[in-house]
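Engineer: Sharing a structure below in structure tokens format, with a few things to ask.
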Amino acid sequence: MGAWKKDYLDLVLVPCGLLLMFGYHLFLLYRYLKCPQTTVVGYENHNKRAWVERMFQVEVKDRGPAISVISSNITAATALSSISLVLSSIIGAWIGSSTVNIFSSSYIYGSRTPSMVYIKYIALLSCFLVAFACFVQTARHFIHANFLISMPNNDIPVSSVETEVIKGSNFWLIGLRSLCFAICLLLWIFGPIPMFVCSVIMVAMLLNLDRNTTPLHRYEPVRRQELQTKIDQKKEAVNRGS
């Protein structure tokens with residue numbers, strides 16, 4: 001009877017924790033689509049669109065800071081994709097190895113059946129693979145945006161570059177949230193209770209971190225000539241200071 005209770009605990013708490021995480025992110029998606037100003041994602045995307053628009057109002061030779069910003073994002077996405085791939089490889093090696101099984105410890109209060117052990121492996125592996133794919137897509141979109149921004153004498157609409165930057169940012173967010181799911185599933189190693197507690201704490205933290213209370217700034221349109229004049233003045237001030 002005791003073994004049945006432990007298995008039952010896995011079948012109840014783990015789905016509840018996953019439903020809590022999925023439910024919160026569906027709620028976040030609804031808020032982003034209906035009231036983007038109330039979410040940090042909507043606030044950041046609003047500023048990124050304005051940033052791309054301002055960068056296209058200057059000459060190509062003055063877009064070095066924009067290229068540097070995108071390059072740093074590409075580097076971060078590449079690093080996280082490599083980490084996700086390494087962790088996926090480690091989990092794959094664990095699946096293929098039957099010598100040591102850390103999931104079958106007697107200290108774990110929950111199901112220790114072989115089928116449940118493989119479910120834990122596959123769940124963790126899926127999260128890291130999703131994170132890897134999302135970070136690769138992030139780098140892909142940012143690289144494309146880098147090409148478009150640095151292209152001389154182009155007639156590409158600003159909306160095309162905005163779309164690439166926003167898509168890259170969205171894939172970055174999905175990759176990070178996949179790692180959040182992986183953290184919760186990683187605690188499943190120690191039983192369903194730590195996993196459920198981690199899910200509750202994670203949702204409480206994300207609920208606070210994803211909420212935006214800063215009003216969206218209304219960027220006034222700036223003429224290209226005025227913006228170029230400001231850039232030239234700043235360059236002259238820097239040259240005088242040096």
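Yeah, the Cβs are placed from backbone N, Cα and C, and that goes for glycine too.
Feature table excerpt (TrEMBL):
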TRANSMEM  12-30  transmembrane segment
TRANSMEM  73-95  transmembrane segment
TRANSMEM  115-136  transmembrane segment
TRANSMEM  179-207  transmembrane segment
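Help me picture where these features are in the structure shown.
Structural biologist: For the transmembrane segment (115-136), the list of distant contacts is 7, 10, 77-78, 80-81, 84-85, 87-88, 91-92, 94-95, 101, 103-104, 171-172, 174-176, 178-179, 181-182, 185-186, 188-189: same-chain residues at least six beyond its ends, Cβ to Cβ under 8 Å.
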Engineer: So which residues does the transmembrane segment (12-30) touch in its own chain, when a touch means Cβ under 8 Å and the partner is 6 or more beyond its ends?
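Structural biologist: Same-chain residues near the transmembrane segment (12-30) but 6 or more away: 39, 41, 177, 180-181, 184, 188, 192-193, 195-196, 198-200, 202-203, 206-207, 210.
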